[in-house]
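Feature annotation from TrEMBL assigns domain 'Malic enzyme N-terminal' to 115-296. The active site, proton donor annotation in TrEMBL covers Tyr138. Marked as (S)-malate binding site by TrEMBL: Arg191, Asn442, Asn486. The annotation active site, proton acceptor is assigned in TrEMBL to Lys209. Annotation source TrEMBL lists divalent metal cation binding site at Glu281, Asp282, Asp305. Summarising the annotation, TrEMBL assigns domain 'Malic enzyme NAD-binding' to 306-555.
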Amino acid sequence: MESTFKELNGESVLDLKDKTGIGGGVEDVYGEDRASQDQPITPWTVSVASGYSLLRDPRHNKGLAFTDKERDAHYLTGLLPPVVLSQELQEKRLMHNLRQYEVPLHRYIAMIDLQERNEKLFYKLLMDNVEELLPVVYTPTVGEACQKYGSIFKRPQGLYISLKEKGKILEVLKNWPEKSIQVIVVTDGERILGLGDLGCQGMGIPVGKLSLYTALGGVRPSVCLPITIDVGTNNKKLLEDEFYIGLRQNRATGQEYAELLEEFMSAVKQNYGEKVLVQFEDFANHNAFDLLAKYRTTHLVFNDDIQGTASVVLAGLVSALKLVGGTLADQTFLFLGAGEAGTGIAELIALKISKEVVLVFHQFSMVCLLKLLHQLYTLSFVDKCSLEETRKKIWLVDSKGLIVCSRKGALQHFKVPWAHEHEPVKELLDAVKKPLILALSNPTSQSECTAEEAYTWSEGRAIFASGSPFQPVEYNGNTFVPGQANNAYIFPGFGLGLIMSGTVRVHDDLLLAASEALANQATEENYAKGLIYPPFTNIRRISANIAANVAAKAYELGLASRLPRPKDLVSFAESCMYTPVYRSYR
């Protein structure tokens with residue numbers, strides 16, 4: 001099958017001899033990429049879908065948008081009312097219906113129902129109304145959906161791999177109908193958002209994340225696979241719930257857990273190849289860090305809680321400097337919380353500052369080429385020392401207070417680098433002139449503080465952003481619009497960048513590249529409103545720029561396998577994006 005990508009500036013964005021599609025990945029079998037949207041397609045399933053089966057196939061179903069000609073050709077006449085509605089009119093009707101629901105969970109269920117019967121309409125609706133529907137299909141509503149997943153479960157949307165499948169995980173993966181997968185989001189459900197252990201019901205998270213990979217980042221839905229690994233749950237309430245859908249046993253730990261994850265990771269690579277992206281999602285701290293450390297050198301893996309959060313927060317900090325002034329190195333950072341997100345953010349900030357220090361030193365050293373050998377020796381020394389030094393500008397507070405050297409013997413290994421010399425402090429609250437407050441915990445009920453509390457406490461001086469959205473706040477005659485430091489800014493574009501370049505490993509510099517690209521998308525208009533992130537209404541363009549920057553860095557580091565490198569990476573990213581407009585059927 002020939003490539004279906006259009007020409008850009010007289011040159012093909014893809015090598016037409018490349019039969020495997022973008023990034024050495026998969027062929028555009030369903031005509032899902034933007035560059036192929038004008039070409040008529042045949043609605044293949046196992047055979048050509050027609051009649052009642054076509055209406056039950058969410059990938060090809062268009063509902064009342066089937067034309068009279070299509071109804072005749074595919075045996076649909078009489079199976080639908082005679083009216084023909086455009087996709088735009090269908091969208092308008094659905095938004096009207098969704099707005100009638102007063103309970104957010106009811107909107108969530110309606111959206112999932114739509115996704116299961118008409119995939120393109122679901123994504124078109126989400127893309128065109130992203131600021132209104134993002135809180136519905138993801139946080140905060142997805143948190144409640146996971147808590148009640150057993151009650152609202154209708155049909156499987158991903159793969160469930162439990163301890164019962166140990167020894168045959170490869171066979172389970174082959175049960176999934178799509179054989180060419182590029183992105184897997186996997187959870188074991190032990191730490192779902194800020195809600196704790198929800199066991200098998202954590203499936204709502206991989207499903208929601210992958211919906212955003214498609215809607216915001218343009219990754220084709222046919223190459224996305226949500227997976228929940230069920231090793232039991234320690235949630236007594238769930239174990240006693242007659243509607244709970246997972247294993248009714250306490251969580252497996254230790255060797256039994258490690259062996260199951262090892263079999264899973266090996267099976268994924270064997271079945272889908274070297275370049276499938278595995279995103280770890282909502283694993284508890286004690287497993288999240290170990291899994292990332294173990295597999296980051298052998299697989300293409302990414303932990304959104306650690307790395308994605310770090311990248312989006314760093315982007316916000318860099319962007320905020322245009323409001324508060326100075327450089328990152330001039331600031332002191334305080335974290336309330338020292339788990340996956342806190343330590344991940346802290347490490348990326350330290351890495352960013354250290355690289356800026358090394359860059360300044362490098363530029364200074366280049367004045368004298370005769371000192372090249374001395375420069376090369378000193379650069380490695382400065383890089384190491386500057387990272388250790390920059391960590392001292394970052395302070396973390398956990399449940400026992402400020403993390404200091406006197407506590408080192410009792411600290412978890414990932415907290416040790418952040419133990420600095422200071423007397424023990426149980427509570428830390430300093431008055432600052434212009435606080436940047438990022439309340440990142442999800443869902444909204446778990447946020448460290450509300451937007452109203454932040455603006456009131458700081459007497460309107462705060463720059464505020466949160467993980468889940470808050471409404472505008474009226475204070476002292478002024479209206480403050482809270483920003484949203486949501487990982488959805490980063491991971492969809494980041495994943496697209498990895499896929500389209502055929503990147504084989506995630507390097508920390510790729511996270512820095514994603515942060516820089518996001519920070520550069522904020523405008524003076526955004527800053528005038530006190531916002532440090534651009535609006536989600538431009539998310540597709542933002543994702544394309546993030547993907548391009550990530551891919552460029554991957555090529556620079558020699559991690560990209562798709563050759564030759566496309567000349568215009570932003571245009572290439574846009575051409576690779578899934579487009580959910582209805583197609584004409586032959």
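Here, residue 1 is simply the first one shown, and the rest follow in order.
Cβ coordinates are placed from backbone N, Cα and C, and glycine is handled just like the others.
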*recorded positions Tyr138, Lys209, Asn442, Asn486: which have a Cα within 10 Å of Asp305 (divalent metal cation binding site)?*
none
*Out of Arg191, Asp282, Asn442, Asn486, give those binding-site residues positioned within 10 angstroms of Lys209 (active site, proton acceptor), comparing C-alpha atoms, in sequence order.*
none
*With every protein chain in view, how many other Cβ atoms are within 10 Å of the Cβ of Asp305 (divalent metal cation binding site)?*
22
*Starting from the Cα of Glu281 (divalent metal cation binding site), work out which of the binding-site residues (Arg191, Asn442, Asn486) are within 10 Å.*
Arg191
_Residue among binding-site residues Glu281, Asp282 with least C-beta crowding, 10 angstrom cut-off_ = Asp282
*CB-centroid shell, 8 A cutoff, divalent metal cation site Glu281, Asp282, Asp305, site residues removed*: Thr187, Arg191, Ile192, Ile205, Phe280, Phe283, Ala288, Asn303, Asp304, Glu340
_Please give the (S)-malate site's span as the largest CA-CA distance among Arg191, Asn442, Asn486, to the nearest whole angstrom._
18
_Within 10 Å of its Cβ, which one of these recorded positions (Arg191, Lys209) has the largest number of other Cβ atoms?_
Lys209
*Across all the protein chains here, work out how many other Cβ atoms are within 10 Å of the Cβ of the residue listed as 'active site, proton donor'.*
28
*Between Asn486 ((S)-malate binding site) and Asp282 (divalent metal cation binding site), what is the CA-CA distance rounded to a whole number of Å?*
15
_I'd like the Cβ neighbour count for Asn486 ((S)-malate binding site), meaning other Cβ atoms within 10 Å of its Cβ, all protein chains included._
25
*Around the Cβ of Asn442 ((S)-malate binding site), the count of other Cβ atoms that are within 10 Å*: 23
